Amino acid sequence: MEVIEGKMPFMGYETYYRIVGRRSEKTPLVLLHGGPGSSHNYFEVLDKLAEIDNRRIIMYDQLGCGKSSIPDDHPELYTKETWVKELMALREHLALRKIHLLGQSWGGMLALIYMCDYHPVGIQSLILSSTLSSASLWSKELHRMIKYLPIEEQAAIHRAELTSNFNDPDYLKANEHFMNQHAIDMTKTWPECVMRKKCGGIVAYETAWGPNEYTPEGNLHDYEYTEKLGKIKIPTLITSGTDDLCTPYVAKTMQDHLAGSKWQLFENCGHMSFVEKTDEYVEMLRKWLDQHD
């Protein structure tokens with residue numbers, strides 16, 4: 001399978017991108033990774049879609065992580081505005097006039113910000129993978145799920161939030177347990193690209209989001225896009241897992257505000273259903289993309 005790697009100049013730094021598959025008449029799919037700061041790595045499980053569907057897939061590392069520049073000495077760069085500009089620059093750099101756009105977790109937030117605030121042209125369809133339209137609802141739902149943890153783990157998380165001490169061993173153990181339950185269970189063996197150690201991303205995550213998934217106190221703390229979703233008029237597919245950080249309530253809230261959208265719920269999956277049920281996810285994407293080219 002053909003893979004092209006490159007770097008794009010951006011704001012005096014460099015953005016790494018990876019293109020999978022040969023050029024064809026089909027509209028390419030651009031993938032926006034989560035975090036902020038998670039890097040493209042886990043998206044490599046979707047490489048097979050390029051071959052199966054004869055469609056180019058483009059993924060990249062957002063500024064602050066992976067193989068892109070990591071200007072952690074300038075955390076003021078880690079904002080939604082920077083990352084939207086980077087996406088726009090990548091489209092121009094690679095001449096991506098028409099695309100399908102998939103965003104996972106924070107990547108879905110980035111896609112919604114891009115769609116609602118910048119009104120881009122040439123987006124054939126939108127795939128919102130385990131994402132959110134409201135930071136406050138997300139936090140509320142995750143705190144509800146924390147109540148299902150053992151009492152001592154609940155107490156450790158509560159204590160960390162009260163004291164802002166997120167280095168306490170009891171908190172770290174409780175948070176790891178929570179994330180293994182609802183993000184992805186890292187005690188299991190996954191494809192190499194999922195297990196691969198990430199470069200950077202911590203400063204970007206803590207600056208933009210916060211110390212963990214359920215305490216959004218970074219510059220995205222006021223991310224509230226539910227009431228803006230009506231601006232999106234293109235075909236939209238929402239995907240999530242039954243055990244996801246993106247709870248069914250979070251996913252249904254988005255669907256209710258996106259006219260004509262579809263929602264695919266993956267049974268027994270957490271925050272990365274495309275990793276846990278790759279073949280099923282790829283087939284769903286193939287059908288969706290072919291329908292909306």
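All residue numbers here begin at 1 and follow the chain in the order shown.
Cβ atoms here come from the backbone N, Cα and C positions, even for glycine.
As annotated by Swiss-Prot, domain 'AB hydrolase-1' applies to 28-277, with the evidence given as sequence analysis. Taken from Swiss-Prot, the feature active site, nucleophile applies to Ser105. Here Swiss-Prot flags Asp244 as active site. Feature annotation from Swiss-Prot assigns active site, proton donor to His271; the stated evidence is similarity to another entry.
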The residue listed as 'active site, proton donor' to Asp244 (active site): how many Å between their Cα atoms?
5
Those residues of the chain, 6+ apart, with a Cβ under 8 Å from that of the residue listed as 'active site, nucleophile':
Gly34, Gly35, Ser38, Ser129, Ser130, Thr131, Leu245, Cys246, His271
Asp244 (active site) CB neighbourhood, other CB atoms within 10 A:
25
Cβ packing number for His271 (active site, proton donor), 10 Å threshold:
23
